[in-house]
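Worksheet: one structure, shown below.
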Amino acid sequence: MAGVNGDRKGKKDDNGLGTAIDFVLSNAKLVLGVGGAAMLGIATLAVKRMYDRALSAPSSPTKADPSGRRSWEEPSWLGSSPRTLNHDMKQNVSRSLQTLPTSSSSFKPDSLHRGLARGGRPAKAELQRARLRLSLQEHLWAFFHERVTIPSEEQSVARRAALDICAELRVFLHAKLPDMPLREMYLSGSLYDDLQVVTADHAQLMVPLILEKNLWSSIPGEDTIMNIPGFSLVRRENLEYFPRGSSYWDRCMVGGYLSPKSVLEVFEKLVAGSINWPAIGSVLDYVIRPVVPSETLTLEVQYETDRRLYVDFLPLLVMEDGVSLIAKPHRLAAERHENLWRQSFRVAETAKLRALDQEDAGCRSVCLKILKAVCKLNPALARLNASQLTNAILLLSEQEGDWTQEALADRFMQLLRALVGHLEAGRMPCTLNLKVNLLCELTPQEIDELGYTLYCALSDPESLLRTV
């Protein structure tokens with residue numbers, strides 16, 4: 001505010017702009033609360049800065065700050081590439097986040113009433129905010145119905161294609177390797193949880209391995225020298241009594257541990273190398289081919305001219321303590337940690353989300369599907385996965401109780417702010433295991449790019465919904 005008042009003293013011919021700005025800012029705190037006033041102040045000062053430049057010397061370049069640095073009125077990220085987030089911007093983001101309202105209560109009518117009781121005028125800004133909130137609400141629901149929701153017919157056809165692939169693999173594996181200790185394979189993923197968005201294009205084929213309880217045990221990643229929560233080692237036990245070869249899966253053991261990479265290689269030789277997919281595809285009227293390269297074993301199934309389904313083949317271990325481990329490597333350290341199995345929280349996270357929605361008829365699942373669609377349709381946000389988005393909602397649910405359908409716009413904005421905060425901190429805890437950092441497989445540059453994109457969207461959230 002001082003910056004505004006100081007500039008005002010030296011400008012007598014600004015046609016009352018300074019007076020108007022001073023009046024708006026002096027009353028903003030009463031009407032909008034501390035957070036709203038801070039954001040209004042930043043925006044107003046930026047506008048006034050441009051206005052002052054236009055009045056001063058339009059033909060001359062803007063003078064640089066004597067210190068060689070831009071002032072906070074000119075954020076260092078203005079005009080920079082959207083793919084680069086420098087240190088100055090991080091500081092701006094951190095400072096701005098601290099001034100953002102922490103809850104929607106800052107914008108509720110009672111805040112306006114308190115302002116009126118202190119002598120403030122009925123705020124046009126409050127009415128405009130309500131209109132904007134209503135507009136965002138309408139856009140979110142329109143986006144949900146028009147872009148997010150998948151027609152039931154498309155989902156049904158995709159599920160049938162996935163089931164056909166599952167049946168072929170089951171028959172082949174039982175015929176080729178009848179002694180391989182496997183439980184019944186099954187299909188899983190968002191296609192079967194009604195959480196898939198935009199197109200029905202992905203499914204997971206879970207392949208549960210049977211391990212002898214007295215021969216194998218899991219060691220949490222945080223208890224190893226690697227110290228990676230969310231992953232586990234599966235160690236071979238009792239080798240002195242049951243030597244190598246006593247378990248079918250000893251052939252996939254590396255350094256005394258069951259290697260998910262070796263397990264995947266066994267299945268890859270069978271699924272990608274031994275099965276005659278062109279012949280099977282001609283019978284099923286599909287075009288089937290293995291995806292190469294891929295971090296997991298994936299099949300691409302073209303079941304219609306313009307529709308493709310990707311089926312991930314995921315070996316699964318269900319340990320004695322109930323922990324589910326899948327053969328999906330660490331994204332950034334697959335070579336260094338090739339013996340690590342990934343702990344899967346998807347089933348428990350989805351169940352928790354649905355239980356919360358059932359308790360209060362909430363819109364958490366709707367929020368999740370909208371965010372998933374936004375990330376799927378915006379390449380700059382593609383690195384945010386379903387687990388991160390689900391946990392952002394679960395974490396916010398611990399602080400915010402109103403998840404009614406009418407609060408969709410407010411919760412959506414809170415989620416954007418929460419995601420920016422997690423990215424700025426470089427950490428998002430998993431609600432089912434607080435030791436797990438769900439951002440640990442993102443590079444610093446990716447975190448910066450995601451944070452930049454979401455931070456820019458805070459001032460224009462509808463831009464996230466304007467996709468091709």
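Each Cβ is built from the backbone N, Cα and C atoms, and glycine gets one as well.
Binding of ADP is attributed by Swiss-Prot to Ser188, Ser190, His202, Ser344, Arg346, and within the candidate set Lys176, Lys213, Lys372 the record adds Lys372 to that site. Residue annotation for ADP gives Ser188, Ser190, His202, Ser344, Arg346, Lys372. The furthest Cα pair among them is separated by 19 Å. Residue counts for the region 'Important for interaction with DNM1L' (161-170) under DSSP, helix first, then strand, then coil, are 10 helix, 0 strand, 0 coil. Note on the region 'Important for interaction with DNM1L' (161-170): mean pLDDT across this stretch is 96.
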